[in-house]
């Protein structure tokens, strides 16, 4: 019985992948490429793109925010997928 319980605990930990955090790029526009680990529970990355008087602006980070009209948004759910 103890063996069965231990097996179930191990399988649960492996399946849930406890402690896992998503990693996303977070550099802005033409800055050097950097990434960061997202907060626990944040499982997506985003890339926002828009134009203003400075040219094309790109913002990257964790999550999937809501945006105003005229801003292109791409959300994804794999490691470093928002480049």
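Positions of Cβ are set from backbone N, Cα and C atoms, glycine also.
Per Swiss-Prot, the features are as follows:
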SIGNAL    1-21  signal peptide
DISULFID  24-45  disulfide bond
DISULFID  38-62  disulfide bond
DISULFID  64-75  disulfide bond
DISULFID  76-81  disulfide bond
Surrounding CB atoms that lie within 10 Å of the CB of residue 62 (disulfide bond), all protein chains: 22
In three-state DSSP terms, the structure that residue 24 (disulfide bond) belongs to: strand
Between residue 24 (disulfide bond) and residue 62 (disulfide bond), the C-alpha gap once rounded to whole angstrom: 6
Spatial neighbour of residue 75 (disulfide bond) that is closest, considering only the disulfide-bonded residues 38, 45, 62, 81 and their CA atoms: 45
10 Å Cα neighbourhood of residue 64 (disulfide bond): matching disulfide-bonded residues from 38, 45, 76, 81: 45, 76
Top Cα neighbour of residue 76 (disulfide bond) in the set of disulfide-bonded residues 38, 45, 62: 45
Neighbouring C-beta atoms (10 Å sphere around the C-beta of residue 24 (disulfide bond)): 25
Spatial separation of residue 45 (disulfide bond) from residue 81 (disulfide bond) - C-alpha basis, Å: 7
